[in-house]
Amino acid sequence: MYQYLDLMRHVLQYGHKKSDRTGTGTLSVFGYQMRFDLQTGFPLVTTKKCHVKSIIHELLWFLRGETNIDYLKRNGVSIWDEWADENGDLGPIYGHQWRSWAASDGTVIDQISQVIQQIKETPDSRRMIVSAWNVGDLDKMKLAPCHVLFQFYVADGRLSCQLYQRSADIFLGVPFNIASYSLLTLMIAQCCDLQPGEFVHTFGDAHLYLNHLEQARLQLEREPRALPAMQLNSTVRNIFDFGYEDFTLHDYDPYPPIKAPVAV
């Protein structure tokens with residue numbers, strides 16, 4: 001995954017030193033894009049080991065519309081622990097907005113079901129968009145959405161997805177984001193009888209925290225290995241029927257993990 005390493009290299013070379021909400025400080029660039037052909041392998045970073053179990057369970061948690069970390073804790077996933085309140089609640093974050101967006105007339109919109117219906121019925125539509133950025137709910141969220149909006153595109157029997165991410169923790173978060181939205185694209189493509197196309201990742205503020213710079217440089221010393229393959233249970237045709245056991249990752253041969261502190 002040279003695209004990811006190129007992003008880190010770009011930020012180390014051209015990044016602006018900035019303060020941030022967490023008080024850690026960052027090297028930051030504004031506006032950057034990566035593209036991944038999902039036909040050539042599953043874009044999971046190989047220059048450090050990624051916790052695939054967390055990636056899959058987090059995505060399933062979003063798709064369930066849940067915003068309490070109980071499901072994650074029961075499945076050994078701790079990536080949201082730092083933000084949850086004493087009851088495990090996170091407020092109306094991703095899962096709520098994806099599945100239960102509250103409209104001004106009092107109706108509730110399931111954006112995931114809606115966008116899948118659009119892909120099936122009007123694949124040339126330019127409105128196949130899911131948004132997590134609900135301005136009226138931001139103050140109720142424990143963490144405002146970083147991956148804000150994604151759009152689907154169908155051409156030549158292939159489904160592509162573009163994500164706009166307003167804020168990107170390059171070292172810790174971005175490998176998860178790439179894999180998560182690529183996996184979501186594979187799942188929706190299967191449910192819509194399409195082949196996977198591209199995952200396009202567009203950033204607003206892409207940054208390396210100042211206490212991640214040495215880890216980033218270590219990762220840049222490692223030569224990327226061949227991408228793994230992600231196999232989905234081909235019998236699943238409803239996006240909400242997928243379970244953890246329906247995913248099998250083949251030929252993942254990463255370098256050892258690199259630890260880094262989370263900026264909260």
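First residue shown is number 1, and so on along the chain.
Note that Cβ sites are derived from N, Cα and C of the backbone, with glycine treated the same way.
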With Arg21, Arg126, Arg127, Arg166, Ser167, Ala168, Asp169, His207, Leu208, Tyr209 listed by Swiss-Prot as binding dUMP, identify the candidate in Asn177, Asn233 belonging to that site.
Asn177
What does the structure give for the C-alpha distance between His51 ((6R)-5,10-methylene-5,6,7,8-tetrahydrofolate binding site) and Ser167 (dUMP binding site)? Integer Å is fine.
21
Taking every protein chain in this structure into account, which of the binding-site residues Arg21, His51, Arg127 has the most other Cβ atoms within 10 Å of its Cβ?
His51
Starting from Cys146 (active site, nucleophile), work out which of the binding-site residues listed here (Arg21, Ser167, Asp169, His207, Tyr209, Ala263) have their Cα within 10 Å, and give them in sequence order.
Ser167, Asp169
Pairwise CA distance, Ala263 ((6R)-5,10-methylene-5,6,7,8-tetrahydrofolate binding site) versus Tyr209 (dUMP binding site), rounded so that it is a whole Å
8
Which one of these recorded positions, Cys146, Ala263, has the sparsest Cβ neighbourhood, judged by other Cβ atoms within 10 angstroms?
Cys146
